[in-house]
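These notes concern the structure reproduced below.
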Amino acid sequence: MTYTYIQSPLEQFEINSLMGINAPLFGYAELSLTNIGLYFILAFLVIVGFNVIASNNNKIIANKYSITQESLYTTILNMVETQIASPKGQYYFPFIYCLFMLVLVGNFIGMVPYSFAITSHLIFTLAVSMTILIAVTIIGFSEHGLKFFSYFVPAGTPLALVPLLVLIELISYIAKGLSLGIRLGANIMAGHMLTKIIGGFIYQIMAASPLMFVIGIIPLVLLVGITGLELAIAFIQAYVFAILTCSYIKDSLDLH
Amino acid sequence: MNVSLTIFFCEELIMNPLIFAASVIVAGLAMGLASIGPGVGQGTAAGQAVEGIARQLEAEGKIRGTLLLSLAFMEALTIYGLVVVTTNDNAVIYVECYNNFVKEEK
C-alpha cells in the first residue's frame, strides 16, 4: 500500500506538470498539461454539464437544475442591470455571467479536500483583473473619445491642485485593477493556508494519546467552523468580483 | 513558519539568524497592525446594519446584502497585510537559500 505524505502546508499550491510533450515546437518550449489546467477543464465541464442538464431535453416542464439555472440567470441579470444603469447594460451580461460562474465554480471545486483551488493563484486572478482594467479603459475611450481623461479630474477642484490630483487619481485607477485581483486571490489563498496549517496541528494533537484525542475534538469543531466560513467566503468573493467589475464598467461608461 | 519552511526547502545551514529573527518579528507586527483598521471598520458597519434592520424590518434583505458586500471589501484590507507577510517570507527564503548556495559553491 503506497503511503502519500504531504510535506508542508504549502504543497497544495504547487503546479505540477501531468502530461508533457517534448518536441521541437516553438523552440522546445515546455508544452504540458499541468494540474491547474486540468482543474480549469474540470470547472469548464461542471459549468457546461450543469447547463446541459438544465436544458432538460428541451422540455417545457422544468427540473430542479433548470429552475436553478433560471434563478441564477435572473439574479446576475438583475445585478448587471442595477449596477450598469444604462441602455448598454445588457451588452456586458454574458461576460459577467461567465466570469461569475468561473470564479464561483473554481472556488467551490477548491473547497473539496485534497483538491486544487484555481483562484488561489495570483497569476490567474491578477491576469483577469488587469485585463478587465485594460478593457474598461478601452470601453471608456471608445465611448467618450479623448474626454475620457476628464474622469481623472474630480468635479469642483481648484485649478492649482489639478496636476497633483490627476497623478493621485491615476495611481488610484491602477490600484483598482490590482486590488480586484489581489482581493480574490489572497482571500482564497489565505483561507486554504489557514485550514491546512490548523489541520496539521490538530493531527499532531490528536495523534499523541487517547486523552489528547478527546481534547483535540474542540479544535476540530473550530476547524469545521472555519471551513464553513471558507465556503461563505468562496461565494461572497465571487459575488464581489462580479459586482466590482460591473461597477468599473459603469464608472467608465458614465464618467461618474 | 519562516524558519520551518526554510528547513523544508533548503537543508544547508542557516547562515544569518538575524535575518530570520527580523522577518519573524516583522510578520507578527504586520499582521497585528493590519487587523486593527478593518476590525474597527467591520464592527462599526455591522452595528449600523443591525440598527438599520431594527428601524425597518422590511429592508432586511437589502441591508444584509449591502452589509456582506462591505464586509468583503474591508476583509480585503487585512488580507493585503497577509500578502505582505507571505511575500516577505518567500523573499527571505529565496535570498537566504541563494546566498547559502553561492557560498557553498565557493
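The backbone N, Cα and C atoms fix where each Cβ goes, glycine too.
Because TrEMBL annotations are produced automatically, they should be read as predictions rather than curated entries.
The transmembrane segment annotation in TrEMBL covers A:36-54 (among others).
Sequence annotations record features per position, and here TrEMBL assigns transmembrane segment to A:91-116 (among others). A Cβ distance under 8 Å defines the sequence-distant neighbours of the transmembrane segment (A:91-116), meaning residues of its chain 6+ beyond its ends; these are 12, 35-36, 39-40, 42-43, 46-47, 73, 76-77, 79-81, 84, 128, 184, 188, 192, 227, 230-231, 234-235, 237-239, 241-242, 245-246, 249.
Proximity of distant same-chain residues to the transmembrane segment (A:122-141), defined by a Cβ-Cβ separation under 8 Å and at least 6 residues beyond the stretch ends, is recorded for 36, 99, 148, 151, 173-174, 176-178, 180-182, 184-186, 189, 245, 248-249, 251-253, 255. The transmembrane segment annotation in TrEMBL covers A:122-141 (among others).
Long-range contacts of the transmembrane segment (A:148-168) within the same chain, counting only residues at least 6 positions beyond its ends with a Cβ under 8 Å from a Cβ of the stretch, are 137, 140-141, 251-252, 255-256. Marked as transmembrane segment by TrEMBL: A:148-168 (among others).
Residues annotated as transmembrane segment in TrEMBL: A:201-225 (among others). Proximity of distant same-chain residues to the transmembrane segment (A:201-225), defined by a Cβ-Cβ separation under 8 Å and at least 6 residues beyond the stretch ends, is recorded for 195.
For A:231-249 (among others), the entry in TrEMBL reads transmembrane segment.
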Inset, instruction - Sort out the residues at least 6 away from either end of the transmembrane segment (A:36-54), same chain, that have Cβ-Cβ distances under 8 Å to it, and list them. - result: 15, 18, 63, 65-66, 68-69, 101-102, 105-106, 109, 115-116, 118, 121, 124
